[in-house]
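J.: For reference, TrEMBL lists these features for the protein:
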- 39-58: transmembrane segment (TRANSMEM)
- 123-144: transmembrane segment (TRANSMEM)
- 150-173: transmembrane segment (TRANSMEM)
- 238-262: transmembrane segment (TRANSMEM)
- 274-296: transmembrane segment (TRANSMEM)
Amino acid sequence: MRRRLWIALSLLVSGAVLAGLLAATFTPETRAYLGEISIAPLLLAFALRAGSIFCRVVRIGVICRGLGYTVPLSSLAVTQSLSLFAGSLTPGQVGGEPVRIHRLSRAGLAVGDAATVVVAERVLDLAVFTSLTFTALLAVRHLWGYLAATVLYPVAAFLILVLVLLLALVVLVRRPSLANRVIGGAAVRVLDRCGRSRRWLRFCPGSDGAERLAEWIARETELFAASSSRFVRTDPRALGGAILASIIDWVFLFSTASALLVALNLPPSFPESFLFQGILQMIAAVPLIPGAAGIAELGAATLYSRVVPTYLLGLFVVLWRLILYFLNIPLGLLAAALAAREEGDPRVGENL
């Protein structure tokens, strides 16, 4: 029931904003332009999005192999589709990581190893994404004044947050005992307060359960640290393959908007579009509303107004949101049906 509420809320908000934006920018020029949309670049935009998803599937497989696991590509495709679906329906896209960890653990990975795969993905995403965004920022100096008046400070805050998270990850890998004390101590304190609350008492495992939880956290944290070190040090080919897949993934993802610009017979504006896509990804990472519904549409309209005529702006944002957001929902529903079929497959959980 709650999942349906999230779906309805995100679709309602996003649809309302898109409808309002399209109505505000739809003119006789827009109507006349509809027949001039180029089909080939539009199909290319869908292909780039599909290529981006495929690169993420391949990357998960490469990281798993680097840790000594072999997971079927079909299972990884279902995992990635479910992750995109969950991320689209949760604020800040935070729902995707637990889904991937759960699916990978069902495929035979230890929980600590599954967490290593997901964290490695996030680290690679942050490194490649920030590098592309920073490179694009250097390439569009003519927009610096405009950006300084609008998004400079949020972008700087996001980059600082990325740096803090990466430093925390380094500490976790280098000093697993410190991470054990911090994470285990926090879990015990939460359970202790939970045990003293009448409202949450029935959900608390008690002192014995708290001790088992602390032991489990310590074990999985050490396994995560060992797996991270093993992946980085023992299989440089896997690391190189994961980095290459991440670069291609983000280039394809960022190029989708440029393909849509070409479909509307506009210049691709690669530097500007890459920068705008980077900023929009930062906006989507803020946990305010599922799928950044409403915020992403208004942000895209504000940024792309620099390179898209007003009478095409609403149409562009609708197409962009359709490919990068709404497409995740039918893919996720299809993946959910395939995952339900896997439940009865006795081979699930075997690892070659």
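We count from 1, first residue shown onward.
Every residue, even glycine, has its Cβ placed from backbone N, Cα and C.
Describe the structural context of each listed feature in the structure shown, including burial, neighbouring residues and relevant distances.
T.: Residues of the same chain lying 6 or more positions beyond the ends of the transmembrane segment (39-58) and with a Cβ under 8 Å from any Cβ of it are 73, 76-77, 80-81, 84, 121, 245-246, 248-250, 252-253, 255-257, 259-260, 262-263, 319, 323-324, 327, 331.
Counting only same-chain residues 6+ beyond the ends of the transmembrane segment (123-144), those with a CB under 8 A from a CB of the stretch are 59, 155, 159, 162, 165-166, 169, 242-243, 246-247, 249-251, 254, 271-272, 274-275, 278-279, 281, 306.
Sequence-remote contacts of a segment are chain residues at least 6 beyond its ends whose Cβ falls under 8 Å from one of its Cβ atoms, and for the transmembrane segment (238-262) they are 38, 41-42, 44-45, 48-49, 51-52, 55-56, 58-59, 62-63, 65-66, 120-121, 124-125, 127-129, 132, 231-232, 268-270, 273-274, 276-278, 304, 307-308, 316, 319-320, 323-324.
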